Ligand SMILES: Nc1ncnc2c1ncn2[C@@H]1O[C@H](COP(=O)(O)OP(=O)(O)O)[C@@H](O)[C@H]1O
Ligand SMILES: N[C@@H](CCC(=O)OP(=O)(O)O)C(=O)O
């Protein structure tokens with residue numbers, strides 16, 4: 001069987017709304033539980049983990065019994081504020097079950113551009129990792145109003161996870177979504193789309209086959225994931241995009257099994 005060369009000690013895992021919320025708007029409890037189990041097991045093995053989790057708006061919609069995301073930015077921000085505490089409650093419950101400590105870190109995309117803030121954030125992450133605590137990051141949606149087109153780019157956690165991986169010098173970024181990886185066209189629209197197993201360079205052609213979000217709750221779609229992948233490859237880090245339906249897939253990724261799409265300068269597989 002072919003295998004991949006994945007050697008990662010410090011890992012950023014990003015989980016999208018589409019993995020945390022069922023298409024009917026209900027909370028996907030299995031994902032929360034399996035994510036907590038998998039990350040706790042890896043934490044116990046000594047891996048350094050940072051989880052970037054979307055889902056505040058999705059959980060907020062569920063809590064307020066709303067079916068549709070409102071179009072006004074203020075209303076989305078209010079829902080994110082409602083959902084974020086609920087999101088952390090869900091994580092706290094599940095991680096407690098596996099005796100793992102977690103912490104909430106809310107960031108904005110530009111926070112690392114300011115040397116003082118950069119230092120504070122890095123110090124916080126480093127202290128948490130030293131203390132064996134898993135930081136759970138989300139964009140601070142209440143104050144993050146720097147992007148103009150909030151209807152499509154509100155809280156782009158794909159790129160935030162790449163920024164965190166970059167500044168924290170992570171070896172690997174794992175992006176968990178509701179599809180098996182990067183396809184030659186949107187698999188939610190084209191039944192005959194083919195999975196691309198490895199990408200060593202993200203170019204313009206790749207962006208032309210990257211469509212928008214496939215669910216009512218996700219925001220970034222494939223474009224923001226490719227931007228994250230491009231950054232990782234440029235910095236000689238690796239990224240794997242995989243299906244988050246069963247977060248135990250992270251064990252397979254770390255074992256070098258050919259699951260999802262690997263973005264890496266070195267895509268050599270071994271028989
Ligand atoms: N080329 C492509 N390959 C895979 N998925 C694609 C592609 N183009 C668009 N997509 C869409 O991107 C979606 C994943 O992005 P998104 O809905 O934002 O998920 P998440 O909440 O995990 O960030 C998929 O469900 C799929 O519909
Ligand atoms: N900060 C927003 C995240 C938005 C976002 O990036 O969503 P997704 O495309 O599901 O990763 C929230 O928690 O709802």
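We count from 1, first residue shown onward.
Using the three backbone atoms N, Cα and C, a Cβ is placed for every residue, glycine included.
Take the substrate site that TrEMBL assigns to 54, 141: the candidate from 28, 118, 157 listed for it is 157. The binding-site residues 141, 178 differ in how many other CB atoms lie within 10 Å of their CB, and the one with the most is 141. In this entry, substrate is bound by 54, 141, 157, whose most widely separated C-alpha atoms sit 11 angstrom apart.
A Cβ distance below 6 Å to any atom of ligand 2 is met, among the binding-site residues 14, 157, 178, 222, 224, by 157. Taking residue 54 (substrate binding site) as the reference point, the binding-site residues whose C-alpha atoms are within 10 Å of its C-alpha, out of 14, 178, 224, are 14.
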